[in-house]
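Visitor: Next up is a structure, given as structure tokens.
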Amino acid sequence: MYYIAGLGNPGLKYKRTRHNAGFQTIEILEKRHHIKLKATKFDALAGQGMIGNEKVMLIKPTTFMNNSGYAVDGILQYYNAELSRLIVLYDDIDIPFGALRIREKGSAGTHNGMRSIIGYTGSGDFPRIRIGIGKPENNLIGHVLGKFEKEKREDAQQMFERAADACECIVLEGVSAAQARFNK
């Protein structure tokens, strides 16, 4: 089974913000594959289903971003999952708006949610899809926690659709195929 975690902050205040790019991508996968998420004892919403012939679990931590590792690692431990079967979707200010970067493993970079997951799991040896939200000239916090400008919302939605496509590609064809197709 693949464990697909989309990172974000819970609550209406953060809905549709740039920092919730992972949540927004998980919501697309939920709809495409008819997977219902429900509350778990691990401070996450999670649900199992299929992508093609592969079993998956979609995960949205209900902790705040900086403690995402608690929820993700709790689920991985409970299911005795291999870390290589985890795929994490998250926003990245170091990637231009609209672009995706897929990596088989790596560091947390500047992302606190990823820092938390690596801290809890003890390793960065898992695939991730970095969703480009662009870097502001100033007010980083306002940018990350802000919503996309009206004129960028359609492009943002297309980016989340592509991130969902990339995730499906990892599950069905592997990381290398997804990198070749989506890292532009």
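Along the chain as shown, the residues are counted starting at 1.
Even glycines carry a Cβ here, placed using N, Cα and C.
Caution: TrEMBL annotation is automatic and unverified by curators.
So TrEMBL lists the following for this protein:
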SITE      Asn9  site 'Discriminates between blocked and unblocked aminoacyl-tRNA'
BINDING   Tyr14, Phe64, Asn66, Asn112  tRNA binding site
ACT_SITE  His19  active site, proton acceptor
SITE      Asp91  site 'Stabilizes the basic form of H active site to accept a proton'
Visitor: Cα of Asn9 (site 'Discriminates between blocked and unblocked aminoacyl-tRNA') to Cα of Phe64 (tRNA binding site): how many Å, rounded?
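Guide: If we compare the Cα positions of Asn9 (site 'Discriminates between blocked and unblocked aminoacyl-tRNA') and Phe64 (tRNA binding site), the gap is 5 Å.
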Visitor: Looking only at Tyr14, Phe64, Asn66, Asn112, which the record lists for tRNA, tell me the maximum pairwise CA distance in angstrom.
Guide: 16
Visitor: Hey, what's the Cβ neighbour count for Asn66 (tRNA binding site) at 10 Å?
Guide: 13
Visitor: Drop a 10 Å sphere on every Cβ of the recorded positions Asn9, Asn112 and tell me which sphere holds the fewest other Cβ atoms.
Guide: Asn112
Visitor: Please report the three-state DSSP label of Phe64 (tRNA binding site).
Guide: coil
Visitor: I need the neighbours of the tRNA site defined by Tyr14, Phe64, Asn66, Asn112. Which other residues of that chain put their C-beta within 8 angstroms of the C-beta centroid, in sequence order?
Guide: Asn9, His19, Thr63, Met65, Asn67, Ser68, Gly113
Visitor: Would you mind listing, in sequence order, the residues at least six apart from Asp91 (site 'Stabilizes the basic form of H active site to accept a proton') in the same chain with a Cβ closer than 8 Å to its Cβ?
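Guide: Sequence-distant Cβ neighbours: Leu7, Arg18, His19, Asn20, Ala21, Gly22, His111, Arg130, Ile131, Ile133, Val144.
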Visitor: 10 Å Cβ neighbour count around Tyr14 (tRNA binding site)?
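Guide: For Tyr14 (tRNA binding site), the count of other Cβ atoms within 10 Å is 17.
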Visitor: Tally every other Cβ atom lying within 10 Å of the Cβ atom of Phe64 (tRNA binding site).
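Guide: I get 16 for this one.
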